[in-house]
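One structure coming up, written as structure tokens, with questions to follow.
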Amino acid sequence: MSASITLGGRLRPAPGTILRGLLLAGLALLALLPVLNRLPPDAALYVSDFVVAVSGKWICYAILALAIDLAWGYAGILSLGHGAFFALGGYAIGMHLMRLIGPRGVYGHPVLPDFMVFLGYTELPWYWQGFQFFPFAFAMALIVPGVLAGVLGWLAFRSRITGVYLSIITQAMTYALMLAFFRNDMGFGGNNGFTDFKELLGMPLNTAGARAALFYAALASLGASLLLCRHITKSKLGRVLVAVRDAESRVRFLGYDTTAVKLSVFVLSAMLAGLAGALYVPLIGIINPGEFSPGNSIEAVVWVAVGGRGTLVGALLGAFSVNAIKTWLTSFAPDLWLFVLGGLFVAVTLLLPRGIVGLLQKGPGR
Amino acid sequence: MRDGRLYLDGVSVVFDGFRALNNLSLIVEPGELRAIIGPNGAGKTTMMDIITGKTRPTAGTVSFGDRDLTRLDEATIANLGIGRKFQKPTVFDALTVFENLELALKAPRDPWSCLRWRLSGTARRCIEAVLEEIGLAERADHRAAILSHGQRQWLEIGMLLMQDPKLLLVDEPVAGMTDQETEHTAALLRRIAGSRSVVVVEHDLEFVRALGEKVTVLCEGSVLSEGSIDHVQNDPRVVDVYLGR
Ligand SMILES: Nc1ncnc2c1ncn2[C@@H]1O[C@H](COP(=O)(O)OP(=O)(O)OP(=O)(O)O)[C@@H](O)[C@H]1O
Ligand SMILES: [Mg+2]
């Protein structure tokens, strides 16, 4: 199918060549950051630790944005609870990091993390077993969000709950999890969560080398997630998703089990969000129940809306640009952020329904 | 019971006390082309909703071959070989004409198979043949959003054909079409019938005459008259409620 424009309006202009270039240039630039960080501080191209740390965070957010875009932009499932999947992925790796602290904690207990000693635990709760092994913890970072999304999605999609009702359910889910994780007796460190991590995969965490390694792990994961999402959206499954988004009942009459279609993409999306969280926690060194707060999920949806839902580049663009604005703004007027975020969402919804990508492409696309 | 025979017996549907279908009985034999006419609100679309599993009957039997349709969901019924064109044409605007047909093409429909799907030469030829049949070959790579009303109707019929159904339910295919388009559509439906059963709901009597097959007149949810177009047009009850207006 060529992209040429013929009379009668072949409405797809050669799409995204500029965008694709922009994307590759952006990823290449990101890959350079840890290298430039090693330059002497007075070098012209020197990049500070702060910039590397912030960019690493944004890379994780970009994976979360991809996850949301796959579910919302393509399949029309507007989840306002993806922050919960992200946080669960983060907690799973956090548990591993806590177990690795071992006797180096303040109380010096050989097995129990400090908060458990403090709360009077005598032995490790059963659900903490296995987390001393990295592969297990990493698998859990994907499986737990996947299973939760599977159960929730199955209940909702089977009863044909869609649109705003589904959004409310997912928002309620993340809120409920936040309240649960705030409780000390859940065994996840209550409102302090987990922090003071020492090492990961034999690497002490507070070194420049470890930071660079985590950064590259996140960047590689972003690349892999992007390729995976692209593989899906370019396949016939991707076209089925778009069809479900635009006219689900029609797809059903074509003989597709739309529940299965939506469920599979929702579960995958939750697992991607879990992956993002798992990469995020070692990078920033802390996880607490605040990550479950409903606002986080909404903010992530705004990234996608701003960038342009229904295009993968849009999700990335949105995650990076909105977070850039946030970082810049919170450095001098943190109180303004929520207003700006709300304003952005309203402005994009009313003026730029296809986001930044739509602005760059000028013309209807998917 | 014979394969592919559509059988409705004593079907009633009640919406909040309103009887949209009232003890409706109808048999469509395999390969038959049947036209259904009736005034607005007669229950024609509701009848299709019943057959395709969108609405459950309050009472009565609905079967296709030996399968009881009242117990199956939409996707399962579609996969039995019952395809439907809606009164309001719904094609997927974001996809091209070709992609719309590709989605409808008979193939495994689970997510994994869709992910692994590669367009084979046979599948491509099959889609191209239907593109020719519905006169949209020139438009294959255009997004469905830009199609005219008539072209959307044809694309929907094309999507039905891709499913290789045993029974096609076609709701008002020529509404809003020009005379020429209407003729084209009648010819298309006649070609399709024979190898499969076709049930066409239509208001346009010229079109029904052009189909030249058995006609069922529905009124207030049940069959008022049945027979050739001349027979029903001369039936005084039909003249009374429908044609005479
Ligand atoms: N879901 C519903 N709830 C309540 N009433 C309904 C519902 N669906 C249909 N009806 C009513 O049932 C009656 C039959 O509707 P139906 O759409 O089957 O008529 P129709 O013969 O297709 O008419 P038209 O020629 O206008 O398409 C109408 O009075 C309609 O208002
Ligand atoms: Mg109707």
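The backbone N, Cα and C atoms fix where each Cβ goes, and this holds for glycine too.
TrEMBL lists A:17-36, A:43-68, A:74-94, A:106-128, A:134-157, A:164-182, A:208-229, A:260-281, A:301-324, A:336-356 with the feature transmembrane segment.
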In the same chain, who gets a Cβ under 8 Å from the transmembrane segment (A:43-68) while lying at least 6 residues past its ends?
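30, 33-34, 36-37, 79, 82, 85-86, 208, 211-212, 214-215, 218-219, 221-222, 225-226, 229, 269-270, 272-273, 275-277, 279-280, 283-284, 300-301, 303-304, 307, 312, 315-316, 318-320, 323-324, 327.
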Same-chain Cβ contacts of the transmembrane segment (A:17-36) under 8 Å, 6 or more residues past its ends?
45-47, 51-52, 55, 59, 211-212, 215-216, 219, 222-223, 311, 313, 316-317, 320, 357, 360-361
State, in range form, which of A:74-94, A:106-128, A:164-182, A:208-229, A:301-324 has the highest count of Cβ pairs under 8 Å to the transmembrane segment (A:134-157).
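Of the candidates A:74-94, A:106-128, A:164-182, A:208-229, A:301-324, A:74-94 scores highest.
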Under 8 Å, at least 3 Cβ pairs, sequence separation 6 or more: does that hold for the transmembrane segment (A:74-94) versus the transmembrane segment (A:208-229)?
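Contact between the transmembrane segment (A:208-229) and the transmembrane segment (A:74-94): absent, because fewer than 3 Cβ pairs are under 8 Å.
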Can you tell me which parts of the same chain pack against the transmembrane segment (A:164-182), counting only residues 6+ beyond its ends and a CB-CB cutoff under 8 A?
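Distant Cβ neighbours of the transmembrane segment (A:164-182) are 77-84, 87-88, 91, 148, 152, 156, 188, 190-191, 193, 289-290, 292-294, 296-298.
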If you count Cβ pairs under 8 Å, which stretch among A:106-128, A:208-229, A:301-324 touches the transmembrane segment (A:260-281) the most?
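Looking only at A:106-128, A:208-229, A:301-324, the most contacts with the transmembrane segment (A:260-281) come from A:208-229.
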